[in-house]
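Colleague: Have a look at the structure that comes next, please.
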Amino acid sequence: MVAGTRCLLVLLLPQVLLGGAAGLIPELGRKKFAAASSRPLSRPSEDVLSEFELRLLSMFGLKQRPTPSKDVVVPPYMLDLYRRHSGQPGAPAPDHRLERAASRANTVRSFHHEEAVEELPEMSGKTARRFFFNLSSVPSDEFLTSAELQIFREQIQEALGNSSFQHRINIYEIIKPAAANLKFPVTRLLDTRLVNQNTSQWESFDVTPAVMRWTTQGHTNHGFVVEVAHLEENPGVSKRHVRISRSLHQDEHSWSQIRPLLVTFGHDGKGHPLHKREKRQAKHKQRKRLKSSCKRHPLYVDFSDVGWNDWIVAPPGYHAFYCHGECPFPLADHLNSTNHAIVQTLVNSVNSKIPKACCVPTELSAISMLYLDENEKVVLKNYQDMVVEGCGCR
């Protein structure tokens, strides 16, 4: 969608919301907008409402308005990722591996594994479990750049102060699952790491080759095998170290904080990759502007006012701004005009049939949004041309 169309959608938003759009905007959101308005607005036609809904949902890459349940939990990993890329104070320190992955992607998706975890037959000194992530919600036109499997490992009390307590975690792709005539599945090693048991932390494993085969090459997704190779005499200690399944008495909230997570980084071809948003400094002009001249004006979009805060996790709203004002003859330097606008304004001064130059955005920037999609999956996406940074006569 071109920048002009997006700006038009922002300006049309209050009118369309007050008019209805029942399939997109909840009744509560429409009532809030209606109560805030001091003058009645005419109801747009159903065709206009339908077109607006289609364009807005298309801009967000959605086919229908998400209606997530209240039990959906946003992984802390995704919240930290959003804070980092939106430039929020107190965000976690940059992770170089993560920064490289995000530098080529404009969409990050997270997936929890299916709760039913299959424990595979034990081999000497090893514990292995199979688990599965449903990736059917990844759009077919999204180009995958990388994928990571996040697994939490807990500190073992017996290992405190002893750095020799180690084990190896191996991650395999299942090529062919176990069957009646096949005791163990056929697997391919994806990543491996030697870890200490005396600390609690997340471990990230590169599973890009497997996820690319499943999502873009048409191979069947049989899941992963997580194998813990015990390097000590007591394998029972290490077995509790890697958290793949929920404990019997563990509550849902605490389990959601350490539950295994598959994270995909992709690009839909519709903008720039994720980046840390830097606050821009206002450009001060020496020349005094007329109050009515073309300039940027405040416009804050509050998602809670329109009932979108049930599926948009962050931000709660954003400063979109808009451009408005006169482009008088002669056009001053501070109006950021093109040569064509100068010529058009000159012709308008002698022939009123030719319209004046218009006050429009000349520079736009992106925002990062964290939201729940139609499948209740948590998505972090970079949306282009959402914030007006500069205005001019064009």
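Here the Cβ of each residue, glycine as well, is placed from N, Cα and C on the backbone.
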Colleague: Using the record from Swiss-Prot, pick out the residue from C323, C327 that is joined to C391 by a disulfide.
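Modeller: Disulfide pairing in Swiss-Prot: C391 with C323.
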Colleague: Just confirming the record: what cysteine out of C327, C358 does Swiss-Prot connect to C393 via a disulfide?
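Modeller: Here Swiss-Prot pairs C393 in a disulfide with C327.
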Colleague: According to the record in Swiss-Prot, which candidate from C7, C359 pairs with C294 in a disulphide?
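Modeller: Here Swiss-Prot pairs C294 in a disulfide with C359.
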Colleague: By CA-CA distance, flag whichever of N198, C294, N336, C393 among the recorded positions is nearest to C323 (disulfide bond).
Modeller: C294
Colleague: Which residues of the same chain, at least 6 positions away in sequence, have a Cβ lying under 8 Å from the Cβ of N134 (N-linked glycosylation site)?
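Modeller: Result: F111, E114.
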Colleague: Do me a favour and check the Cα-Cα span between C359 (disulfide bond) and S86 (phosphoserine); whole Å is fine.
Modeller: 29
Colleague: Which recorded positions from the set N198, C294, N336 come within 10 angstroms of C393 (disulfide bond), judged by C-alpha positions?
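Modeller: Candidates kept after distance check: C294, N336.
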Colleague: Can you tell me how many other Cβ atoms are located within 10 Å of the Cβ belonging to N336 (N-linked glycosylation site)?
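Modeller: N336 (N-linked glycosylation site): 20 neighbouring Cβ atoms within 10 Å.
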Colleague: Of S86, N198, C294, C391, which recorded positions are close to C327 (disulfide bond), meaning a Cα within 10 Å of its Cα?
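Modeller: Taking S86, N198, C294, C391 one by one, the ones whose Cα falls within 10 Å of C327 (disulfide bond) are C294.
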